[in-house]
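One structure is given below, encoded as structure tokens.
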Amino acid sequence: MAAGGPRLPDTVLFEIFLYLDHPDVLSVGLVCQQWRAVARDEFLWKELFYRYYRVSRDVPRHPAAVSWYDEFQRLYDTIPCVEVQALKEHNDQVLHLSFSHSGCLFASCSKDCTVKIWSNELDISLQHSSNMRPYNWSYTQFSQFNSDDSLLLVSGVFVGPHNSSSGEIAVISMENFTLLSRVRNKPYDVFGCWLNETNLISGNLHRIGRITSCSVLWLNNAFQGIESENVNVVKRLFKIQNLNASTIRTVMVADCSRYDSPDLLLDYEEQLAASSTCPVFDLGSDSEEEEAKPKQPPEPAIQELPDAGDVLAEDGLQQFFDDIMGGRMRPAMTETQLETKVAELFVRNRTKPPEPNLLPTDSNSKTKYLIFTTGCLTYSPHQIGIKRILPHQMTTAGPVLGEERRSDEFFDSLDHVIDIHGHIIGMGLSPDHRYLYVNSRAWPRDCVISDPMQPPPIAEEIDLHVFDLKTMKEVKRALRAHRAYTPNEECFFIFLDVSRDFVASGAEDRHGYIWDRHYNICLAKLQHDNVVNSVAFSPVEQELLLTASDDTTIKVWRSPRAVRIRQARRSRPRKLLFSWLMNQKS
């Protein structure tokens, strides 16, 4: 056994030898005797690891692992799968959880229209609750702390005139829990996010036709009421055309500065290349590496316009109308197809081209990516759009409508598009922002979408995809275990979260799930009484996980190791008190 390491229970040792089909296991005593003999046998622990956790033998050992024994113990003892507390202060469905960067606080949003701030101490306790109903909100749905934890962004659904629904973002000070500003946000599932300590991103939607629209993304200063008389507090970032009833939703910001020094490389070949500069003795280096190669995602579908050639967009649009009037357009187009084609031709020569060299080349780059869900075929989000935010765009200083535009740059184009071929229901970034994890429910293979208002049926299985934002490629086979049952029109967001070594997600099957990021295996199922909407790892302690559910509870999960440590801390004062009392008696 590793020196100083906690000993695995005898029951686990018994299971170990059963998995190895050991012929001499007669009793726990014999198991312990044999355990002492093989405790340092790395080849045995390697064999045990692959068989017990059902890991493909093409997968090498975790790059940070010292031994196979340590890896077995890590996955056995450090998974946050022990329920230690259930928080029941919400009285309706709990929709979202977010930790502060320090890990000292976390926020929860709920259908009861409150955002609650919790203190993460030995026992988690409620510190503050803000009711948003006085501001005509229906419910709170998302929250995010800014980088220094001084402000909290809260996103919710706002009831407007004639009971129309839109979105709104509120900024709350963490110093005294006062409301600093409110920003409209449309549609409400844009959610919103921080770009830096004092500026946040919101959305607006302008209808152009029945299924054509324009999404505008705005940069807003958090201190609008204080600064609006002296400086600009809002600036337009991007203006993007939407086709076939699609809209931009679920915005988030990725910081490119750490791409060359990630916490964990997921490409096994990259791991090998990185480790070669600092050799580590590895007994498990017999992988074939064939299946470990990253799977290339399908390229985004780009529809070519017929007979356009090098003709200007205006000429192409006129030719298109002439063909319709002359009866030369076959087959006949529906009204929605006609609107989409006209919109495509109209925007073709009125869009600012994408930024060249999207992939960052400078490790000290201050570039950030704006990431969001979008689409081109139907209203259900099925693509991920990526737009580079340059340093000069990261402030509200300057013209409100952004930098000066030429007449032929009415819209902004996307710098990169990832086609998921399914309904996207969740996204999350790794702590180093190198990898993007995406929950989706797949469409049938080779399906054809003829009506944007009738998307294909979606699978019950949820696929968890992983994309490398440095290379813009899919790097892991999709993870599976969790399920969802609602159809397209009722589909809702299921939030996931990523720590250094693990990824967790909610599901509609009344469980939260935890996977290992390196080995691509499901490690734990966390029970609730209803849909699990959100999960959140502590950013400073990945052995602490929170889950939020429609059953109105927030559950707190810790690893077996963390539970033992905390129990020891609790029992220490009692022992001291007992010793003091005994001394007093004597």
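The backbone N, Cα and C atoms fix where each Cβ goes, and this holds for glycine too.
Quantities reported herein were computed from a predicted structural model and do not represent experimental measurements.
Annotation source TrEMBL lists domain 'F-box' at 2-48.
Annotated region 'Disordered' per TrEMBL: 283-303, in sequence order.
For the repeat 'WD' (87-119), DSSP puts the residue distribution at 0 helix, 19 strand, 14 coil. What TrEMBL lists as repeat 'WD' is 87-119 (among others).
Here the repeat 'WD' (525-557) has Cβ contacts under 8 Å with residues 78-88, 90-103, 106, 108, 110, 120, 124, 431, 481, 492-502, 504-508, 510-514 of the same chain, all six or more residues outside its ends. According to TrEMBL, the repeat 'WD' annotation covers 525-557 (among others).
Counting residues 6+ beyond its ends, the repeat 'WD' (87-119) has Cβ neighbours under 8 Å at 125-133, 137-145, 147-149, 152, 154-156, 172, 174, 177, 495, 530-531, 533-541, 546-550, 552-556 in the same chain.
The DSSP breakdown of the repeat 'WD' (525-557) into helical (H, G, I), extended (E, B) and coil residues amounts to 0 helix, 23 strand, 10 coil.
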